[in-house]
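> Below are the features I grabbed from TrEMBL:
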DOMAIN    5-73  domain 'SH2'
DOMAIN    161-211  domain 'Phorbol-ester/DAG-type'
DOMAIN    224-415  domain 'Rho-GAP'
REGION    116-138  region 'Disordered'
Amino acid sequence: MAESKFHGMISREEADQLLSQAEGSYLIRESQRQPGTYTLALRFGNQTRNFRLYHDGKHFVGEKRFESIHDLVTDGLITLYIETKAAEYIAKMTINPIYEHVGYTTLNQEPTLKKHLPHSQEEPDGPTPAKDDHNTEERLTSLVRRATLRESDLAPKYEKVHNFKVHTFRGPHWCEYCANFMWGLIAQGVKCADCGLNVHKQCSKVVPNDCQPDLRHVKKVYSCDLTTLVKAHNTKRPMVVDMCIQEIEARGLQSEGLYRISGFSELIEDVKLAFDRDGEKADISSNAYEDINIITGALKLYFRELPIPLITYDAYPRFIEAAKITDPEKRLEALHEALKLLPPAHCETLRYLMGHLKRVTQYEKENLMTSENLGIVFGPTLMRAPELDAMTALNDIRYQRLVVESLITNEDVLF
């Protein structure tokens, strides 16, 4: 189809003449001004529209990529028609969204809806529920199912932005924000990779930061965004941090060179795989891993593999600036201000970790690990320079050490 529509090097005027007979007709021409570049000429609304055409294995004029020119044109005509005929309606789509009426907040305040979701897998004491109730649950949209999930009173309600990715929906699909149809052949909207929310790209810009990650979408522990992980598991801190620290404190505080001595890398990788596979059911006891350095190595690896470091890229400069202050009181004040820049889940995890490292230093006669030694180990583990040149990043290492050392020493004051 693409070859039959290619008309070689012709002018805009010639293309316009060829297409003037039929609405929706199109052709491809080579540019006379820039040989080797191609233009898609498309007839729509009684005028010829010209688009620069690209090819990287697939055909595209914008961000959507198509196997054939015919599919590209079909999608383009659908989009042009809807955006032309329904422009006013599209502009108003986000003004009174259905999301505000059946979204997370409203449904969490409706205890009656909780009956649709069983609280446990155990057999009920009373009679078996009628089939109609089961069908009602089946009919609930994914949004309603997520909204009615019961949250633990102990877990803080951390705010989290949705992790939207462009998505191609098979068959007719409606936006879960505005309840309007998603149009086009491919990439009709976006889907949150963490909670599964499906919305128009336009609507994604106004969706609140209320992502409730679902374990069906969040399938790993390591290399997962920290806030995403704690919300998915409904905990204050990543379970890997809690479990490793509890294990280390139970049997390793007096171990010489704790955190400095490395365990066998293949066994550390084994612990990582256990957490990714089994979550909080992972066995990291002395029966499974006798060497405590395997557990410390797994904990350090968790922090190293965070996509956003524990001390985030946004907060990084403020922590480094604080470390450069020589006056102890002013440095402490600057660190206190820098901590406010961390997302709540990051700050809570850092608080818990620093409390643990402070307890490690209380056994420094046995383990030989001072706050300075721990700062050397954890500085680059918890902090990564945001795209700095190699020389600046190298100079920052000593300040990273000072940051962690100060956080450990003043843990009781700062947190």
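Glycine is treated like the rest: Cβ placed from N, Cα and C.
Please treat TrEMBL annotations as automatic predictions, because they have not gone through curation.
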> Where DSSP helix means H, G or I and strand means E or B, what are the helix, strand and coil counts for the domain 'SH2' (5-73)?
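Tallying H, G and I as helix, E and B as strand, the rest coil: 13 helix, 25 strand, 31 coil.
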> I'd like to know the mean pLDDT over the domain 'Phorbol-ester/DAG-type' (161-211).
89
> Let's see if you can do this one: DSSP helix, strand and coil counts over the domain 'Phorbol-ester/DAG-type' (161-211), in that order.
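So the domain 'Phorbol-ester/DAG-type' (161-211) is made up of 4 helix, 13 strand, 34 coil.
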